[in-house]
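A short worksheet on the structure shown next.
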Amino acid sequence: RFADAGFSIEEGIALLSSHTVAAADEIDTTIPGTPFDSTPFTFDTQFFLETLLVGNQFPGTGPNPGEVESPLAGEMRLQSDSRLARDPRTACFWQAMINNQERMVTQFETVMAKLQVLGQDVSKMVDCSDVIPVPPKLANPIIKFPATFSQKDVQVSCPELPFPKLATVAGPAPTVAPVPGS
């Protein structure tokens with residue numbers, strides 16, 4: 001479907017970077033604001049890591065259409081994200097985003113700029129990008145496995161690339177809180 005709109009499958013994955021600051025309201029309506037990763041207020045690569053962790057639970061009344069098991073309590077995993085993370089055509093691109101903040105941001109900005117003008121006559125548009133503030137860079141872009149998780153919990157789907165070496169957050173297994181007002 002991405003190709004129908006002139007986007008490559010890699011550009012589709014880059015757009016999914018938005019899921020790192022997103023939450024589900026409609027998949028399971030009993031738990032609105034269910035985030036897709038454990039850092040829903042930070043535009044980081046945690047989403048790409050956590051989507052590759054083996055899931056074993058649903059955050060609410062699941063299974064629901066479009067949802068698969070997630071590794072963390074309170075976290076929603078979309079079936080589409082899970083499949084794209086593991087598909088041989090996209091798995092390496094997905095994995096390459098993990099702990100590579102600059103790559104994720106650059107890829108997202110590039111494809112979002114393309115999406116913004118899709119179907120528009122650019123010559124008739126006014127460029128007002130100078131009024132849009134530049135967001136600050138993430139102070140610490142190094143991600144970690146959530147507490148109690150490690151490399152052994154990853155469903156590696158790209159054997160061609162070494163999986164990034166990541167530390168694990170200390171403490172008990174986390175429960176991800178809902179995003180208020182999502």
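Start at 1 and count along the chain as shown; that gives each residue its number.
A Cβ is built for glycine as well, from the same backbone N, Cα and C atoms used for every other residue.
Not measured: the values here are computed from a predicted model.
The following features are taken from TrEMBL:
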type: BINDING; residues: His19; note: heme b binding site
type: BINDING; residues: Thr20, Asp37, Thr39, Asp44; note: Ca(2+) binding site
type: DISULFID; residues: Cys92-Cys158; note: disulfide bond
type: DOMAIN; residues: 1-99; note: domain 'Plant heme peroxidase family profile'
type: DOMAIN; residues: 103-180; note: domain 'Fungal ligninase C-terminal'
Are there any residues in the same chain, six or more apart in sequence, whose C-beta is under 8 angstroms from the C-beta of Thr39 (Ca(2+) binding site), and if so which? Thr20, Gln46, Ile143
Hey, of the disulfide-bonded residues listed (Cys92, Cys158), which one tops the CB count within 10 A? Cys158
Set of same-chain residues at least 6 away whose C-beta sits under 8 angstroms from Asp37 (Ca(2+) binding site): His19, Thr20, Gln46, Phe47, Glu50, Thr51, Glu75, Val176
In sequence order, what residues of the same chain, 6+ apart, have a Cβ less than 8 Å from the Cβ of Asp44 (Ca(2+) binding site)? Thr20, Gln101, Met104, Leu138, Pro141, Ile143
Cys158 (disulfide bond) falls, by DSSP collapsed to helix, strand or coil, into coil
Coarse DSSP state, helix versus strand versus coil, of Asp44 (Ca(2+) binding site): coil
